[in-house]
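Here is what TrEMBL says about this protein:
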DOMAIN    88-484  domain 'Major facilitator superfamily (MFS) profile'
REGION    508-527  region 'Disordered'
TRANSMEM  20-42  transmembrane segment
TRANSMEM  142-160  transmembrane segment
TRANSMEM  172-189  transmembrane segment
TRANSMEM  196-217  transmembrane segment
TRANSMEM  229-247  transmembrane segment
TRANSMEM  310-330  transmembrane segment
TRANSMEM  342-364  transmembrane segment
TRANSMEM  371-390  transmembrane segment
TRANSMEM  396-419  transmembrane segment
TRANSMEM  459-479  transmembrane segment
Amino acid sequence: MRDYDEVTAFLGEWGPFQRLIFFLLSASIIPNGFNGLSSVFLTATPEHRCRVPDTANLSLAWRNHSLPLRLQDGREVPHSCRRYRLATIVNFSALGLEPGRDVDLEQLEQESCLDGWEFSQDVYLSTIVTEWNLVCEDDWKAPFTISLFFVGVLMGSFISGQLSDRFGRKNVLFVTMGMQTGFSFLQIFSKNFEMFAVLFFLVGMGQISNYVAAFVLGTEILGKDWRMLLLALTVPGVLCVVLWWFIPESPRWLISQGRFKEAEVIIHRAARINGIVAPSTIFDSSELQDLSSKKQQSHSILDLLRTRNIRIVTIMSIILWMTISVGYFGLSLDTPNLHGDVYLNCFLSAVVEAPAYVLAWLLLRHLPRRYSMATALFLGGSVLLFVQLVPPELNYLAIVLVMVGKFGVTAAFAMVYVYTAELYPTVVRNMGVGVSSTASRLGSILSPYFIYLGAYDRFLPYILMGSLTILTAILTLFLPESFGTPLPDTIDQMLRVKGIKYRQTPSHTRMLKDGEESPTVLKSTAF
């Protein structure tokens, strides 16, 4: 009985067909990046202050002193959520009293911004914050919107795999592409915050489902105004519709559904593109029967807790993924709060990821996993702790440190996928990576509120993210070293967590559920 890889070995591993599919799938997920970080601009909060109506009968002096002052970054600025009681200062103005000279401003009664706010348009003409006044008592709604998007991503992560298994990789890929593009387009016509937030949740579901479907399919084959900004980000998704006629369904999935003839058509097409003569009959009748009846051993998510070793690996992986996600998305979403041009800062935040991925690739090829991960996390965490020490006049140095921190966290994020997959055995590898990825989604949901803490202390988000990142770097050193070792197939073959004592059991052979003998546990040669 030959498996799929043996049957299709004549196609080669990286011919013109595989390269074409790789390019098309990569193009299909380009809009995902737009949607993922569009909230940096959509939910930005410009400088604002309470509106004092032009119709209010105030002298110029009282109009200039209508707002109480507060300390921000060591300097006094007008309060953004309070004003002096308008009726009181109108009365003082009518009496000819001067603020500060005849009236002690600190003793005046204050009130909320009953007439709304005035927003600066130096950077943004409008955002959802200015559209629906998401400031002061409602300032929690902007980060909540971002969290809802990532909740959608979390929900999409749960259902996308099941949908693609049931309805096919290609069908789910294009349905979720349409879902992402369609709901993103509908956001342009949002009438209120609630409508925008619900649609953003659905966009998040489509975004990750599209990515997962494209990833699985690929693996198996091989502006200033927020409404105009959304429109610009939606157009590329519409253009991806033409890819339907070029991206095939996964032959592996078709075979699993008993649709062998369709699978053979795609394989013959791949052979033709690669310039290879395919056998006239790819699957003979006996293999068709065997392939359709072949069953895998059943494992559940509870197997991730079955032994002490795999429990510890799972817990450590969850902490690792969650912390990295908080750092990555926290730093990405915080770019508008950095000194200087917000668009340039966002550009730099994206550009710094390219060398981080290259470094991650080199480290994965040549150096041990634990030390590579720990070094990247130590680098990212330590520079974030130094940000608070930068003098106010050296703001650009603070930006450099934040970008170096983003560099380290991004490199760690790129490596953690490979490292986690190597730690888990084949029988539960997908579940292990899936649970870890879910922890990452929880981290992304929390990340907007790390940035929200910056309203109370500008450096608090960096202190928290830096501290958590360094602690996680230390934790990483206790994970097993998987570099240069064979991938484990069973739970018994997993590498051992460092520093944990295990009970010595008599040498014996235990029979597995499928009737095969358990092989010897692999030992780590590092540390």
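Glycine residues also receive a Cβ, built from the backbone N, Cα and C atoms like all the rest.
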Within the predicted model, mean pLDDT of the domain 'Major facilitator superfamily (MFS) profile' (88-484): 80
Listed stretch, out of 20-42, 142-160, 172-189, 342-364, 371-390, that has the most CB pairs under 8 angstroms to the transmembrane segment (396-419): 371-390
Chain residues in Cβ proximity to the transmembrane segment (371-390) (below 8 Å; excluding those fewer than six residues from its ends, i.e. six or more beyond): 320, 324, 327, 359-360, 363-364, 397-398, 401-402, 404-409, 411-412, 415-416, 419, 459, 462-463, 465-470, 472-474, 476-477
